[in-house]
Amino acid sequence: MASSSAGHEMKSFPSDDHAPHGAMSSPSGQEAWWKIHLFRGMANDIRRRLPYYVSDWVDAWDYRVVPATVYMYFANILPALAFSLDMFQKTGSNYGVNEVLLASVLGAVVFSLFAAQPLVIVGVTGPITVFNYTVYDIMKPTGVNYIGFMCWIGIWSLILHWILAITNSCNWLRWVTRFPCDIFGFYVAFIYLQKGIQVLERLGNGPEFYLSIVSALLVFMVAYACGELGSSSLFRHPLRVFLKDYGTPLTLIFFTGFVHMGRMAEVKLDVLPTGIAFVPTSGRSWLVNFWDMSAGDIFLALPFAILLTILFWFDHNVSSLIAQGSEFPLRKPAGFHWDLFLLGLTTGVAGILGLPFPNGLIPQAPFHTESLCVTKAVKDEDEDGNPRDGSYSFEATHVVEQRFSNLAQGLLTLGTMTGPLLVVLHLIPHGVLAGLFFVMGIQALEGNGITAKLVFLARDRALTPSATPLLKVRRRSAIWGFVLVELVGFGATFAITQTVAAVGFPVFILALIPIRACLLPYVFSPEDLALLDEPTASEFTMEGIGGAWGGGGKDEDPSNETSAMSSRKVSQTGPLRRSEHHDSVFAHPGAPRKSQEDLAELGQIQSAQSTATRRRSIDRRPPRHLNV
């Protein structure tokens, strides 16, 4: 089980940079913010996590690890294939399937073996795809060797990551709330939808174009239906779990063959380009000749590396926070500083090998943790605390915290680079990949906190469940104002990515943090902000960086340790109740299910992104067995 080898009560090792967790420190006893204790964050991360390293492997002897490994393999590889097509077309064939797969393998192996939090899934994301082809568009007219230039971006970024890790920069994560995460997730969702349209747009207007549109829409509808059925109360529990976990990969496989049936076989469709097994797409060697770059080009890569580091600092750390969200009863400590150091290492190695830079995957990371949850059925209670007859919900008792599932899915990805499987991947039509983008985009929108607030505002007040948290906001105009600020932040980020200045979009993302911390408290009351926005992770997860900032009013000092708090605490010894009596924002009032959108609105899960292969839900029915 998750803590079999660490059965003793978990000890907390608070960072020396901060007061112990829950302690009240006086301002006079605090050190000035500019005083930096080099290496202290990484040392504390290692000191906290190292005692659990053996148990991280022993605890893998659990039945949840096998389905979690298989599920994460598909959840990681399907978006990776879609991104590989996009980069192949937009980077002059410098990045393809082999490069994307090997980048995922690199991240999986390094983080499963050495990370302080091995539950985080590392791979190629949508934002790094935008970054890569934007750099290509900028540098192509100059005639610079693109792969060599990207290598130096990776080397510079390695240095910058290590500087940030050594100087304990992750302590600033305490200011990250759901506000920037929801905006970033909304942006990524629209990037998915845009890429799906762009894939179809390049196919012209012949028969292949129309067949691709039909196949894309069919893939979207069937995969989406599988997710809905998996989150519903229809069918038996094993079938729902099967549809939820494997509906999308099976849909992709079916429609890859479907377009070859009957007269459709006469239409020549564009398919996913692949190369030779374990060989770079462009035919170069794996080792990039970065030493052949001129000094001017080497230093020209530095500004791009700064932007890449900003993106990774936010994206990876947020994915780690979400993977350790308060809805998961984790018992082993986190380690943000050390993991940032490892991220710098993988970035530099990826650059030297000519790979797209991997980082934490926001949809896959939390779903990896969720797939490792062990739950039991408990009877629901009414308002008076009395059990309800025939009404059950599921309670997470613990998470199987181990390293094997991440390593195993990485090795399975490595096996995908073999010749026979590359031949199979080469059969996937562009239209099917476009449908995959549509599925990811729509499900990401559904699971986003901005969407949840918009649906709440559009809902008939008379049919809104009385337990909906947003009803506690006294001024409805405050909800409209908060959503408007979020949409403006999304619009600015999305707009800049449509120009040649897209390489600078990480600055917009990072700027959302001080906007939330310094400006919004002057616009909204502390009570409204407490209901509209919340800390990203539990207080237990945030211990190593000083706790989560309360984020209340304008008079609250974010740097003051007394403001470190979390409104969502996780018990380190007891089980976590994962359901309350609220309806989905999309479901009919009173519907007997609990969807991801409702959980996002309630702040019970982090809703930055969703995934093409899973929609988070709490299953409700009277089970035959207590453990599922």
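Using the three backbone atoms N, Cα and C, a Cβ is placed for every residue, glycine included.
According to TrEMBL, the region 'Disordered' annotation covers 1-26, 543-628. The annotation compositional bias 'Basic and acidic residues' is assigned in TrEMBL to 8-20. Here TrEMBL flags 38-199, 209-535 as domain 'Bicarbonate transporter-like transmembrane'. Per TrEMBL, the feature transmembrane segment maps to 70-88, 100-126, 146-167, 179-197, 209-226, 246-265, 293-314, 335-357, 421-445, 478-497. Here TrEMBL flags 560-574 as compositional bias 'Polar residues'. Look at TrEMBL and you will find 613-628 tagged as compositional bias 'Basic residues'.
Packing against the transmembrane segment (246-265) from elsewhere in the chain are residues 71, 74, 78, 211, 215, 218-219, 222-223, 225-227, 229-230, 427-429, 431-432, 435-436, 439, 612-613: each is 6 or more residues past its ends and has a CB under 8 Å from a CB in it.
The transmembrane segment (179-197) shares more Cβ pairs under 8 Å with 478-497 than with any other stretch in the list 100-126, 146-167, 478-497. For the transmembrane segment (209-226), the residues of the chain that approach it from at least six positions outside its boundaries are 196, 200, 203, 243-244, 247-248, 250-252, 254-255, 258-259, 264, 267, 269-270, 429-432, 434-436, 438-439, 442-443, 612, judged by C-beta separation under 8 angstroms.
Here the transmembrane segment (100-126) sits apart from the transmembrane segment (293-314); fewer than 3 CB pairs are under 8 Å, leaving out pairs fewer than 6 apart in sequence. The stretch with the most CB contacts under 8 Å to the transmembrane segment (421-445), chosen from 70-88, 293-314, 335-357, 478-497, is 70-88.
Residues 127-128, 131, 135, 144-145, 148-149, 151-157, 160-161, 164, 169, 176, 180, 184, 340, 343, 347, 357, 359, 503-507, 509-510, 513 of the same chain sit 6 or more residues outside the transmembrane segment (293-314) yet have a Cβ under 8 Å from a Cβ within it.
The highest tally of CB pairs under 8 A with the transmembrane segment (146-167), across 70-88, 335-357, 478-497, is held by 335-357.
Remote same-chain partners of the transmembrane segment (335-357), defined as residues 6 or more beyond its termini with a Cβ less than 8 Å from a stretch Cβ, comprise 41-42, 44-46, 48-49, 83, 87, 94-95, 99-100, 102-103, 106-107, 110-111, 114-117, 120, 122, 124, 128-129, 132, 147, 150-155, 157-162, 164-166, 168-170, 173, 280, 284, 286-288, 290, 308, 312-313, 316-317, 320, 544-545. Beyond the transmembrane segment (478-497), the same-chain residues lying 6 or more positions past its ends with a Cβ under 8 Å from any Cβ of the stretch are 130, 134, 179-180, 182-184, 186-187, 190-191, 450, 453-454, 456-457, 470, 504-505, 508-509, 512, 515, 520, 523-525, 528, 532-533.
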